[in-house]
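A quick write-up on the structure given underneath.
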Amino acid sequence: KSTACQGCPNQNVCATKPKGPDPDVGDITEKMSKIKHKLIILSGKGGVGKSTFTAHLAHGLSSDNDKQIGVLDVDICGPSLPKIFGVEGEQVHQSGSGWSPVYVDDNLSLMSVGFLLSKADEAVIWRGPKKNGMIKQFLRDVDWGEIDYLLIDTPPGTSDEHLSIAQYLKESDVDGAIVITTPQEVALLDVRKEITFCRKVDLPIIGVVENMSSFVCPKCKVSTQIFPASTGGGQKMAEDMNVPFLGSLPLDPRIGKCCDEGKSFLTEVPDSPATQAYKQIMSKIVEYCTKRNENRESDSGEMKTN
């Protein structure tokens with residue numbers, strides 16, 4: 001019931017800033033204009049597999065050698081993607097055109113605050129303004145070049161990092177958000193808030209992915225419900241919230257092993273039911289982006305004609 005600023009330790013910092021539009025947003029919009037598709041991976045709940053999904057979506061998209069894929073890790077306090085991609089300890093280089101991302105493969109690059117830490121176990125103890133400044137610098141100064149997909153992995157919640165991404169990319173024509181959940185109601189409770197957040201900041205929702213929907217035994221292929229969907233799971237929630245449901249991903253212990261070793265589960269275990277589920281979800285995301293691009297070009301053509 002009190003104002004949003006009441007009690008915030010950064011009131012003086014905000015009060016001394018110049019009023020009006022942020023001039024850096026224009027630079028970010030220009031930088032993002034070289035990227036065809038921008039996807040944000042979200043979830044109100046921690047531990048549901050956002051980073052794992054982001055990494056394997058990137059691996060799946062980069063299997064097409066004609067596509068250039070970039071991944072931006074804005075989980076400032078818990079950057080796990082360098083480990084998942086197997087590039088932990090790499091250094092970021094700066095040139096006249098900006099920061100160069102770390103290349104996982106010839107057509108797959110990554111930028112993360114994890115590359116800027118002196119030690120892997122160093123804690124990032126920052127308040128909101130410094131986090132926002134880091135995110136702005138990533139969006140404005142990283143030299144991605146002309147790439148087809150930029151996947152933005154976010155921390156759980158609906159706070160500083162999410163507001164910054166939504167604000168800075170508002171004019172950049174973001175394709176939409178992919179919302180990750182697990183079947184149990186404890187996770188769905190927070191994920192509903194994330195969907196509400198997307199609607200409040202006018203961020204399109206591509207769809208919901210239910211991760212860890214079941215456990216598939218690698219030997220006998222029997223499926224077991226580890227997290228029972230007591231209220232209907234992700235699909236029921238998507239129907240109730242009127243958002244698309246992209247699919248369910250079974251839990252396979254080899255996914256965790258591949259993440260620890262910095263390998264792609266999709267290529268290491270191509271016959272797993274989880275691999276097939278990833279590919280089906282990925283095809284829906286690509287189809288959404290393709291249709292959106294066609295509609296955008298159509299609208300642009302009509303405007304030029306008029």
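Every residue, even glycine, has its Cβ placed from backbone N, Cα and C.
What TrEMBL says about this protein:
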| type | residues | note |
| --- | --- | --- |
| BINDING | Cys5, Cys8, Cys14 | [4Fe-4S] cluster 1 binding site |
| BINDING | Gly44, Lys45, Gly46, Gly47, Val48, Gly49, Lys50, Ser51 | ATP binding site |
| BINDING | Cys217, Cys220 | [4Fe-4S] cluster 2 binding site |
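Structure with TrEMBL features highlighted.
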residue: Gly44; record: ATP binding site; contacts (Cβ under 8 Å, 6+ apart): Pro156, Gly157, Thr158, Asp190, Val191, Arg192, Lys193, Glu194, Phe197
residue: Gly46; record: ATP binding site; contacts (Cβ under 8 Å, 6+ apart): Pro155, Pro156
residue: Gly47; record: ATP binding site; contacts (Cβ under 8 Å, 6+ apart): Pro156
residue: Val48; record: ATP binding site; contacts (Cβ under 8 Å, 6+ apart): Pro156, Ile180, Thr181, Thr182, Ala187, Val191, Asn211, Met212
residue: Gly49; record: ATP binding site; contacts (Cβ under 8 Å, 6+ apart): Ile180, Thr182, Asn211, Met212, Leu249
residue: Ser51; record: ATP binding site; contacts (Cβ under 8 Å, 6+ apart): Asp73, Asp75, Ser80, Leu81, Ile84, Asp153
residue: Cys217; record: [4Fe-4S] cluster 2 binding site; contacts (Cβ under 8 Å, 6+ apart): Ser223, Thr224
residue: Cys220; record: [4Fe-4S] cluster 2 binding site; contacts (Cβ under 8 Å, 6+ apart): none
Lowest local Cβ density (other Cβ within 10 Å) among binding-site residues: Cys5, Cys8: Cys5
Site of maximum Cβ density within 10 Å, from binding-site residues Lys45, Lys50: Lys50
C-alpha spacing of Cys5 ([4Fe-4S] cluster 1 binding site) relative to Lys45 (ATP binding site), in angstrom: 25
Between Lys50 (ATP binding site) and Cys5 ([4Fe-4S] cluster 1 binding site): CA-CA distance (Å): 30
